[in-house]
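Everything below concerns the one structure shown next.
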Amino acid sequence: MSYSPVALLTGYIAKWTQLADNPSINYKTLVICFTWVQTAFEVYVLRRQIPCYDRPAPPPALKDHLPTETFSKAQIYSRDKTSYALAKLVFDFLLGYGLIKTGAFSTLWDFAGELLNGLGLGNEWVITHSLLWMTVLTLTTAIPGLPWSYYHTFVLEEKHGFNKSTLGLWVADTLKTYALFAVIGLPVLAGFLRIIEWAGKSFVPWLMLFLLTIQLSLQIVYPTFIQPLFNKLDPLPEGELRSKVEELASQLGFPLKHLYVIDGSKRSSHSNAYFYGLPWSKHIVIYDTLIKDSTVDEVVAVLGHELGHWYFAHPTKLLLITQLHLLLTLTIFSIFINNKALYSSFGFDPSLAVTAPQPICIGFVLFQLVLEPTDALVKFLLHAETRRMEYQADEFAVQLGKKKDLASALIKLHVTNLSSPHSDWLYSMYHHSHPTLPERLNAMDAYKGGKPLELKGTAGTNTSASEAKKDL
Ligand SMILES: [Zn+2]
């Protein structure tokens, strides 16, 4: 007897669906336990990093590049950032714990229902009800976070000389972010819910297609409509830097369409560079702060690294990884979509899980709470992959003969960003998407050449319709 993989998977899903919908499973208690364990783990990881700030000297790879004064400034800044992260972690835990413990999810659902009725709409308007609920829920968690955001910008960053933002700009940024949630987030959520409602049990492929379309459209919409709300992008003026970047792009066959400078200095003196765009038409964006702090050759070396990401199709690979993660998440969600035990654990009427029109949004939010502990695992795996990509992009720049300039650019970035040169290994694995600077410098030194680059057009043929932005 033979089974097709689809039939096998459907069988497993049916079996797990039955097992997971057990009235004796209290999902609320389970989520509370997960939250405790996850927070304890994150506190442990952060605390492991603190002794690194007591070390008296930089690591050997940096000892000639980091003046004592800069080193101690970096240690103090990093210590302040870690203390802030610890306090914020505890605050977020208490807020999340409070919401779950007090039954806020179902109370706010009822409140959103009253708002709906106040608008003259009945309970059959389940998607509108869900959008109101998500708005209230988002505000309930976002508003208490505002003082933290204020403190981060105007106290922490200000104290160490990074803040360039003003109160007016901060308020405007916050309001624009909320407006984007209303203009983009809510319609996408409505589409998401409508597709599940329409497709029933076979919603996974349709939802994947919908979300991928949204992701790809945002690639086009973001630089044209969203980014200008926050920053100004100007073409990089004619001159040595522009000619050298254009020369590098044409040498590699990189389809450079526009070369911009972004006014990152408007908010902060941290610096960076990245590229984005469709496979046949790409744009490079360089922070004005990077140009100000580096030589022309150093900026070109940084772009050599960025183009390494393009050459090895890293953004496409990351997009594929996120699609696989999404596929897995949605498949597991299909197990929980009609789970009465999940609804009743959080104080909802269990019949909501099975009677039409079903408020799928409730199930999805509660499911996210149950799934949250897997985020830590995903973070570890994803960071392992992005770190591998960073080494590869560094090697690419080394092969282009830019080792010396890339090393000095990275050291300067490190110095101007006041990053701490010491890291605990577990902290680094959990929090760093990039290898640490000493690791990168050592790897560049150890690099002895490899397969020669295939340049001019044949390089890094990308087949995806679009690529995500990738930072340095
Ligand atoms: Zn990179």
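Keep in mind that glycine also has a Cβ here, set from the backbone N, Cα and C atoms.
Per TrEMBL, the features are:
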type: ACT_SITE; residues: E306; note: active site
type: ACT_SITE; residues: D394; note: active site, proton donor
type: BINDING; residues: H305, H309, E390; note: Zn(2+) binding site
type: DOMAIN; residues: 50-232; note: domain 'CAAX prenyl protease 1 N-terminal'
type: DOMAIN; residues: 235-446; note: domain 'Peptidase M48'
type: TRANSMEM; residues: 89-111; note: transmembrane segment
type: TRANSMEM; residues: 131-156; note: transmembrane segment
type: TRANSMEM; residues: 177-196; note: transmembrane segment
type: TRANSMEM; residues: 202-222; note: transmembrane segment
type: TRANSMEM; residues: 318-337; note: transmembrane segment
type: TRANSMEM; residues: 357-382; note: transmembrane segment
Cα proximity to the residue listed as 'active site, proton donor', best match among recorded positions H305, E306, H309: H305
Per Cβ pairs under 8 Å, the stretch of 89-111, 131-156, 177-196, 357-382 packing most closely against the transmembrane segment (318-337): 357-382
For the transmembrane segment (131-156), sequence-distant contacts whose Cβ falls under 8 Å of one of its Cβ atoms, 6 or more beyond its ends: 80-81, 84, 88, 91, 95, 99, 104-105, 108-109, 111-112, 115-116, 163, 165, 167, 170, 174, 178, 181-182, 186, 189-190, 361-362, 365
Other parts of the chain folded back onto the transmembrane segment (177-196), taken as Cβ under 8 Å at six or more residues beyond its ends: 127, 130-131, 134-135, 138, 142, 203, 206-207, 210-211, 214, 226, 229, 337, 360-361
Sparsest Cβ surroundings (other CB atoms within 10 Å) among the recorded positions E306, E390, D394: E390
Neighbour tally for H309 (Zn(2+) binding site), based on other Cβ positions within 10 Å of its Cβ: 24
Alpha-carbon distance [E306 (active site); E390 (Zn(2+) binding site)] in Å: 9
Cβ-Cβ neighbours of H305 (Zn(2+) binding site) (radius 10 Å): 24
